[in-house]
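Feature annotation from TrEMBL assigns active site, proton acceptor to 91. Annotation comment: TrEMBL describes 265 as active site, nucleophile. The annotation substrate binding site is assigned in TrEMBL to 91, 92, 93, 94, 95, 145, 188, 215. As annotated by TrEMBL, Zn(2+) binding site applies to 303, 305, 308, 333. What TrEMBL records for 13-365 is domain 'tRNA-guanine(15) transglycosylase-like'. Positions annotated as region 'RNA binding' by TrEMBL: 246-252, 270-274.
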């Protein structure tokens, strides 16, 4: 295996680890920004290094279309092409086939989809997905799985889970670079605990370098979400990294880390920045709102990032609707926030103060004590007492969404 995973600290199910990859030594829990075609929109590589980015996620489907995996192979892989010397992870391409294109069919051979170039049917097989990812050369590559939204029920979920298990064997057989690329399997099974258990056990039997929990963040309710994460992390090995795919809300990352997950990715921090929204400890701050026009405070007075040190809310308010610089500044701040959250999670576990960190995080996000019930339930399973964060007599309640406009900061 081309990785080493060393647990440095624990609190019940939560753990902080050192993840050594061919191109970088990482600290977990860690958040991975999504760089679809080898770039994070609006940020340079040196800026990403400055704010502590450890791994960038690249999309196999997009990279295969442009600049093509053959070109990347010729120049020595994506690391050389984009001049990024830290970690890279590529997805399998399957999710993009389902979510972005007109899906024709999923058969035992692979995913048949409509070509964006000429509209003709194309087939992505497990073997081809791995071959493309071998040419791209990321530190971590993902197996092609049969992706089904968690809102779908019935026999299709079971079919997809068993097909995912059959495809992992084809991915393993096709993988030609196991000594410098780590193939992760993906646990599927929808919201069915029996199917999730079968898939997790089947993947563990293959003794892979790491494991992902897939099929979430697709519209399922939060109660179902955390229970799937809790079940899968408990079923996966203690000495291998656990990656919850597509998770990017700060609250979700704190909860999943308490339940024993290690790695996360999502477009949310940068996508919401392009809509003029900043991440802050209290939730979110909508910079397009007219109340921001004369607010001379930084986005977050307690944040030491370059944006908060140098620019006001009023200045960014002027930019977000008229100038690309606005989304660039917010992307920088939001990614700094996410990466600092990752560091805080890591060190609070290592230093034995994880429960205090969780309570402080929840106090800031829910100052009235209206912590969502699903968070309370998850923390109980994680063995973390958050009673001090909850309003007296009301315990945990369903709170308003963190997408609510926050004006006071």
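Any Cβ shown, glycine's included, is placed from N, Cα and C.
No curator has checked TrEMBL annotations; they are predicted automatically.
What TrEMBL annotates, mapped onto the structure for a quick look.
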residue : record                       : contacts (Cβ under 8 Å, 6+ apart)
91      : active site, proton acceptor : 57, 58, 59, 60, 61, 142
92      : substrate binding site       : 60, 129, 133, 141, 142, 143, 144, 145
93      : substrate binding site       : 59, 60, 61, 64, 124, 129, 132, 144
94      : substrate binding site       : 111, 124, 129, 144, 145, 146, 147
95      : substrate binding site       : 147
265     : active site, nucleophile     : 31, 32, 33, 34, 57, 89, 243, 245, 246, 247, 248
303     : Zn(2+) binding site          : 280, 333, 336, 337, 340
305     : Zn(2+) binding site          : 51, 332, 333, 336, 337
308     : Zn(2+) binding site          : 298, 299, 300, 301, 333
So what's near the region 'RNA binding' (246-252) in sequence-distant terms, Cβ-Cβ under 8 Å and 6+ beyond its ends? 31, 216-218, 225, 264-269, 279, 337-338, 341, 361, 365, 375, 402
For the region 'RNA binding' (270-274), could you work out the same-chain residues 6 or more beyond its ends whose Cβ comes under 8 Å from its Cβ atoms? 33-34, 40-42, 284, 327, 330-331, 333-335
If I take every residue in the region 'RNA binding' (246-252) and average their pLDDT values, what number comes out? 97
For the region 'RNA binding' (246-252), the DSSP helix/strand/coil residue counts are 3 helix, 0 strand, 4 coil
Excluding its own, the Cβ atoms lying within 10 Å of the Cβ of residue 188 (substrate binding site) add up to 29
Any idea of the Cα spread of the substrate site, 91, 92, 93, 94, 95, 145, 188, 215, as a max distance in Å? 16
Residue 333 (Zn(2+) binding site), number of other Cβ atoms within 10 Å: 27
For the recorded Zn(2+) site formed by 303, 305, 308, 333, which further same-chain residues have Cβ atoms within 8 Å of the site's Cβ center? 298, 299, 300, 304, 306, 307, 309, 332, 336, 337
